[in-house]
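Colleague: Below are the structure tokens for one structure; questions will follow.
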Number of protein chains: 2
Amino acid sequence: MPLAVSPLALPFPVLPPIAGVRFAAGMAGIRYKERTDLVLAEFAPHTGVAGVFTANKCPGAPVDWCRAALPGGTARALVVNAGNANVFTGRAGVASTSETADAAAGLARCLPSEVFIASTGVIGEVLPHDRIVAALPALHGTLDGDAWEAAARGIMTTDTFPKGATRTARIGGTEVRINGIAKGSGMIAPDMATMLCFIATDASLPAPVLQSLLAGGVDRSFNCTTVDSDTSTSDTVLLFATGAAGNAPVADAADPALADFAQALDALLLDLALKVVRDGEGAGKLVRIDVAGAVSDSSARRVALAVANSPLVKTAIAGEDANWGRIVMAVGKSGEPADRDRLSVGIGGTWMARDGAVVPGYDEAPVVAHVKGFEIEIAVDLGLGNGRGTAWTCDLTHGYIDINGSYRS
Amino acid sequence: MPLAVSPLALPFPVLPPIAGVRFAAGMAGIRYKERTDLVLAEFAPHTGVAGVFTANKCPGAPVDWCRAALPGGTARALVVNAGNANVFTGRAGVASTSETADAAAGLARCLPSEVFIASTGVIGEVLPHDRIVAALPALHGTLDGDAWEAAARGIMTTDTFPKGATRTARIGGTEVRINGIAKGSGMIAPDMATMLCFIATDASLPAPVLQSLLAGGVDRSFNCTTVDSDTSTSDTVLLFATGAAGNAPVADAADPALADFAQALDALLLDLALKVVRDGEGAGKLVRIDVAGAVSDSSARRVALAVANSPLVKTAIAGEDANWGRIVMAVGKSGEPADRDRLSVGIGGTWMARDGAVVPGYDEAPVVAHVKGFEIEIAVDLGLGNGRGTAWTCDLTHGYIDINGSYRS
């Protein structure tokens, strides 16, 4: 039974081609029927690559594969399947990744270590990689620079809409483009999510610079979002740089010549991260939590994430209840420095509690109207220092229970 | 609309009187209508007291009051109300506790600092303590040694059944009794829960000994349970010892003469803690997670609690899906030392995954039957050391969303 599209869905933007990047999507019949579940990408020679992966201590075989391939610094192909995560599959899982890489390397005429692999779906079932290997040659024949949306659809699991984003930036005098696609809906938490994200740019940047920019950008985007506090075993963000734009060389991520590119990459990552939250399993509302007045920025972020992960806050929002008392509870349980008597909480721009007590006679009308909307803003001021941080989440609804109480059946 | 009684409910046991302890319950109309919401207890002179309170950084005014009163070491009265937690209520909340204590002290002819106070319910609304003060004299006139069940009912909020337990133990040659009542259903997590628990014994023990025994017992019971990972602002466990049994004096909690008493107290605390989990909001199944093979006992407990707090594990159990892949995910996200390739997971006594991969051809029939039951057992062996730990939780169901999406309305 197909899931209803999230009420927070956004249309797929127009993603212009990136020189040196081609995608193809097809049906390998790994788990789903009558939908695409396999994506192949091929990159021009000398494409640089950077990656950030799950912090889960039980990562899938594809994450191990990518971590081992990353130091090579170049990527020629990417293979992604949906429906089976190839996690906790022992030796069979390792064999699946190497045989998939061998097959793709044969098609792309590269080394297996220049093939990157990601899988998403059920954990603990052996991945029938023979179906992937059998399907790859036909996909290779249909590679296309305009297939970004098809690729975004081919990597979906419980996602209800495909997710893409595009930005341009200047490096020196040269305009470069960045495109990205992502999938993710549940098992979404820092660090990071059942979240796959693939980004490509025509910028020419060395791998260490790419890695530095990507790691920082992921920390400021995906690592500030949570759907359900569960951290996937498969989270993967890969950034590919073909160099086709021919910009002047830059050797250091901190070079001011990269400021515009770094800002565009950050914006693209946050765009994709928020699309994942908008597609959170069962989500009816997008929630932003801004924390100020913390003893540090990192403390502020931990407080924001404690609010974002609180089932009681999330169910209150689902019920359109401006229950700031539960926000107070969540701030207090974060374990971060907080003083009840300096704490202020607001919703939708109205401060409901100030310095440890309810604001007498505050106007509830705008708050009630705000919580009936699709985008909810929570503000917390700890009153202790200058630390600031933001987290994003969605509400917790019957839809989440429906989806996750019967995922395998 | 009254909530349906939990399918995991247990009958209220017969709690014989404890010499020196009398309870009364009545209707103060604080929030609920046509049900008791106020409980008064009076204790014999020289009753010792110990207490353990929430770790939440934003505790309620009653928690502040009890923490300040505890060093006095004696208790003569206890006042508990349901429906309003008196949390985040500023100066008004402080005044509520002191005026309530003054009123109870006048009736019990003791110092206000010998009155203990607890409140549970909505956060952020000023407690109308005048209704409590007005209701107390009538309650005082009905104090009764046999009113334990009435007291357990009078402190309920979203609880669907009253919770009590009783044990006997020997100190030296003297038999002593321990009774306890508890309330709690949601906002339940270490440390500790929206959980109130009041225990009384006729044993004669000095306050420091009581405190040591209680703190250890709470750590081995309530602190191993979670309903929704949210930590209340009001958690309170109080232990009162009237001394009426006249046992021989014991000055040290580690005295072997206290071994039987300590064991009985631990068992009573775990009995009450599991009754709270059985009444977890929307709970359909009680889940026990046993972790072995960890690098330490504390690491094992953190892994067990990570599994217990995973929404994806809890929704899978609600759906009667033996989804051990999500258990692997939760182990991996705990952040504790774990090696995917040594990890084993079992459900209901059947090992489904061993040493990093599925057990080929394991018999799914007993597992399927087990997850259809009311009490689910999950076993995790990390294969790293000798650390062991256990946590208890309930499943995550539509009932939780129903209850918490409309709590204030």
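Using the three backbone atoms N, Cα and C, a Cβ is placed for every residue, glycine included.
Residues or ranges marked as active site, nucleophile in TrEMBL: A:T194. If you look up TrEMBL, you'll see A:T157, A:K183, A:T194, A:E281, A:N404, A:S409 marked as substrate binding site.
How about a rundown of where these features are and what they're close to?
Modeller: Residue environment of A:E281 (substrate binding site) contains 29 other Cβ atoms, counted within 10 Å of its Cβ in all protein chains.
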Colleague: By the DSSP assignment reduced to helix, strand and coil, which category contains A:N404 (substrate binding site)?
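Modeller: Once the DSSP labels are grouped into three classes, A:N404 (substrate binding site) ends up as helix.
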Colleague: Let me check the 10 A CB neighbour count of A:N404 (substrate binding site). How many other CB atoms are there?
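Modeller: Result for A:N404 (substrate binding site): 27 other Cβ atoms within 10 Å.
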Colleague: What binding-site residues from A:T157, A:E281, A:N404 have a chain B Cβ less than 8 Å from their own Cβ?
Modeller: A:N404
